[in-house]
């Protein structure tokens with residue numbers, strides 16, 4: 001929220017630049033990449049709002065107006081002083097209910113936009129391909145995975161019960177999600193940490209193998225002959241270093257490099273120039289660093305997505321690095337996923353956010369329930385699957401998560417539209433009956449893509465998906481679509497089936513070392529350790545009924561008698 005030119009900042013109302021703007025004003029203010037202003041509560045958004053008040057004409061430009069929620073549009077409208085109701089977060093909610101969207105406000109929003117799609121660019125086709133794999137954890141690693149998974153689920157429940165400690169709980173939950181990701185990539189990465197995955201250490205981890213690394217090696221060996229220059233994308237730089245080392249060992253390439261946020265502008269330009277000038281090579285691209293301001297055309301025709309962002313807009317932004325003006329060849333985007341993994345869960349949440357964007361931008365509300373609830377898939381932590389201790393693979397549950405809101409509408413839509421297996425799946429959110437089937441057939445005809453596997457591989461089977469069309473390289477009709485480099489799981493007799501894993505919260509938490517004497521109030525600590533009931537009553541507070549202390553540590557350490565009505569301070573407690 002600070003602009004060094006002119007010494008102006010949001011807090012410097014008397015700075016020369018802002019004083020000049022207030023006096024002279026602007027004829028036109030145009031803001032590019034406006035999705036960065038999606039949070040109206042930030043100083044960055046407030047700074048643009050104050051500049052916009054001095055302009056006669058104001059406009060924003062973005063290819064991804066909705067990234068996570070309706071609040072994104074409210075932030076952009078506030079930045080350009082669009083006025084109520086467009087710049088009000090509450091007005092974007094249906095009757096003020098969280099998880100919903102107001103169609104009335106969205107209609108007003110569409111009246112302010114001039115939308116042009118990428119069809120005007122007449123770009124070559126872009127094909128999205130999903131590859132599934134088994135994680136194949138050893139028993140000890142599966143136990144570690146389940147330990148992290150159980151703590152993550154307890155943190156999720158604690159977040160619902162403790163609104164005051166929600167921020168700390170969210171940080172802890174995201175850390176557990178990252179631990180699960182590391183275990184799937186390599187148990188050694190989980191043990192040593194991503195910060196140590198550099199140089200020779202990254203090569204050693206890559207040589208150790210895992211279900212993820214073996215699947216990546218098989219995929220790279222397949223696409224390298226047809227795509228001499230390709231990009232691999234990961235959110236973590238440590239995982240990116242490991243995967244680049246694996247690619248170097250799996251296929252012979254003339255050039256390799258890593259593009260991340262630690263590089264200076266000059267080094268980034270030199271890296272891109274060398275990559276586009278080589279005959280064969282791989283570029284490891286950080287998901288955040290490669291989202292904007294990067295052109296990898298022409299000549300680069302394939303990208304492998306190893307990680308998913310929390311926002312589908314980030315994924316689309318990085319995909320467009322190789323599918324933009326200047327591209328002369330067809331482009332293939334490969335997503336490497338394990339069903340039930342955190343990244344797979346993110347793709348399900350992406351469908352909700354893309355359905356929200358379709359409604360707000362295109363007036364297509366078929367992906368939103370009748371009560372205007374756009375959250376249908378559930379939360380990421382609820383979608384992550386447990387590990388079967390007998391096989392070391394994630395348990396693929398066919399039961400959908402319970403809906404948070406709009407449950408009746410979702411159940412009706414799911415029953416009418418049905419379901420399908422494989423990556424992507426069929427969209428079962430809105431509509432029903434013959435109309436939904438006709439829409440699915442029309443979408444399938446529109447997104448049909450050619451087979452990407454070379455002969456004699458079976459032809460590609462298109463899986464219709466309303467918002468994320470993909471092709472899965474598997475020609476049969478079973479549910480083991482595209483298990484890269486791995487044989488299908490062997491069928492076991494009914495009596496040999498492993499016992500289903502215990503319910504999420506059946507496992508006992510380890511006891512706290514302080515026992516009954518622990519007065520810790522940190523919600524993360526309480527979610528990870530069990531505490532016996534205190535045998536001794538709490539000592540009374542010396543202030544008695546006159547104490548109005550709200551510190552949780554004080555309330556947990558001392559007992560307080562009930563306060564009478566007359567003891568409460570004026571104005572309420």
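The backbone N, Cα and C atoms fix where each Cβ goes, and this holds for glycine too.
What TrEMBL records for 257-326 is domain 'Helicase C-terminal'. Regional average pLDDT for the domain 'Helicase C-terminal' (257-326) in the model is 91.
Positions annotated as region 'Disordered' by TrEMBL: 392-499 (among others).
Taken from TrEMBL, the feature compositional bias 'Low complexity' covers 405-419 (among others).
Annotation source TrEMBL lists compositional bias 'Gly residues' at 420-434.
For 435-451 (among others), the entry in TrEMBL reads compositional bias 'Low complexity'.
Taken from TrEMBL, the feature compositional bias 'Pro residues' covers 452-461 (among others).
Positions annotated as compositional bias 'Low complexity' by TrEMBL: 462-472 (among others).
Taken from TrEMBL, the feature compositional bias 'Acidic residues' covers 473-482.
Annotation comment: TrEMBL describes 486-499 (among others) as compositional bias 'Pro residues'.
The domain 'PBZ-type' annotation in TrEMBL covers 509-533 (among others). Per DSSP, the domain 'PBZ-type' (509-533) is made up of 9 helix, 2 strand, 14 coil.
Positions annotated as domain 'PBZ-type' by TrEMBL: 539-562 (among others).
For 554-573 (among others), the entry in TrEMBL reads region 'Disordered'.
Residues or ranges marked as compositional bias 'Basic and acidic residues' by TrEMBL: 564-573.
Beyond the ends of the domain 'PBZ-type' (509-533), by six or more residues, the same chain brings 151, 154-155, 157-158, 162, 165, 168-169, 172, 552-553, 556-557 to within a C-beta distance below 8 angstroms of the stretch.
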